[in-house]
Amino acid sequence: MRQDHLITATQLSRDDIEAVLDRARAVADDPAAYADRHAGRVLALCFFEPSTRTRMSFDSAAKRLGMNTVGMGDVDSSSVSKGESLSDTVRVIEGYADALVLRHPSEGAATLAAENVSVPVVNAGDGAGQHPSQTLLDLHTIRENHGLDDLTVGIMGDLKYGRTVHSLAAALTNFDANQHFISPESLRLPRSVRFDLHETGAQMREHTDLEDVIGELDVLYVTRIQKERFPDENEYHRVAGEYRIDAETLEDASEDLTVMHPLPRVDEIAPDVDETDHARYFEQAHNGIPVRMALLDTLMENAEAAEGMEVDR
Amino acid sequence: MSEHELRVSKIRDGTVIDHVEGGQALNVLAILGIDGSEGFGVSVGMNVPSDRLGRKDIVKVEERELSQSEVDVLSLIAPEATINIVRDFEVVEKNRVTRPDSVTGVLSCPNRNCITNADEPVDTRFDVVADGVRCDYCSTILRADIADHIDV
């Protein structure tokens, strides 16, 4: 990957993805070899909305590369609450760090941030937009379980606002993958994501009922349907119930089906699924470490090359 | 003498934007950033009869020759427009508008949650796609109602 930033999954080619995933595999095989790779470098964790696992995962990945991390603390107590623009905030933070990881509630925030700084920016979620580092670890999980070609993937839940869905769908177009999108009518993929899928000639179908396709799937990627997306709570409960899976739902599935979820889950995957061989969502979360190490390593390497620095390996 | 010539007289030097879809003349001026404060003579004819469009608008800006890149953005709301450059009452150049690759600082993003709607010091930027425009920041696609999102 020769990119300076990771902003959307649409920017990633098959080669980009495979290079990061190969490196992630190497990191997982021999983490000690990467331990001091970026010693003395600092990663800024700029989280403008709450996050536990993504922030901790980047924090841990950076430290395992020998980097230090700095965070902004609670947004309510930072200068953001005093009305400072994101453009100004990242320009200031750029002086404190060698790379930025950004989560922000507005779509396009990471694009704007990248335009204002010269250090690498990783989009760790921009509103209902994109979450491409999650996609890399999703793809790593799929690759380790099935490979990335000749693949049939079902993506279910909140496809309209689900940023992990938007990134995953875009990235899968690089591979020989059939994509099935399963959601209530009101939470179908947004026009912009469908546009990109059609532009790339992706093989895709949309469904309202998981039963229509479950037998065909190699991977079922489940996402949470959030209560706040529905004006009426009864309607939420009715819809959410239809997109909940349990061990019985999976009786019609292939033996090799992999069930994934970006987590946190609420009740869309029943605990009895955890006991089946299908469940891979905890493995998927753990893959965040080698994949984000590989990603940070790649971006730091690119930045150092761009600076023309001699890097001692 | 045709009806629109009676309504909007000839200009000595400047630009005539003709064959604008009826009702879009004020949007044309807005996109071009012309509000009268510049001191140019500006004449506007709205809903005048046209063989080609049925009804058309026509905009004449005196003492200013608009460049192709300035007028290309008009193709989003006035794809049939013709641009006539006038010198000493003669049309010396006649061009059609062509679709630009992108449009900066002209449209507002319809997505209220887009970072460009968050009081940031940034111009909006849209790529021109097959049948509309697409926000470079949040990817939202705007198709039918582009004129409603002119924000200059």
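Note that Cβ sites are derived from N, Cα and C of the backbone, with glycine treated the same way.
As written in TrEMBL, here are the features:
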DOMAIN    B:6-97  domain 'Aspartate carbamoyltransferase regulatory subunit N-terminal'
DOMAIN    B:103-145  domain 'Aspartate carbamoyltransferase regulatory subunit C-terminal'
BINDING   B:Cys109, B:Cys114, B:Cys135, B:Cys138  Zn(2+) binding site
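Here the features listed in TrEMBL are painted onto the structure.
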residue  : record              : DSSP (3 states)
B:Cys109 : Zn(2+) binding site : coil
B:Cys114 : Zn(2+) binding site : strand
B:Cys135 : Zn(2+) binding site : strand
Spatial neighbours of B:Cys138 (Zn(2+) binding site) that are distant in sequence (at least 6 apart) but have CB under 8 A: B:Cys109, B:Asn111, B:Asn113, B:Cys114, B:Ile115, B:Thr116
Reported in the order helix, strand, coil, what are the DSSP residue counts of the domain 'Aspartate carbamoyltransferase regulatory subunit C-terminal' (B:103-145)? 3 helix, 15 strand, 25 coil
Spatial neighbours of B:Cys135 (Zn(2+) binding site) that are distant in sequence (at least 6 apart) but have CB under 8 A: B:Cys109, B:Asn111, B:Cys114, B:Thr116, B:Thr124, B:Arg125, B:Phe126, B:Ile141, B:Leu142
The domain 'Aspartate carbamoyltransferase regulatory subunit N-terminal' (B:6-97): DSSP-derived helix, strand, coil residue counts: 19 helix, 39 strand, 34 coil
Averaged pLDDT score, the domain 'Aspartate carbamoyltransferase regulatory subunit N-terminal' (B:6-97): 90
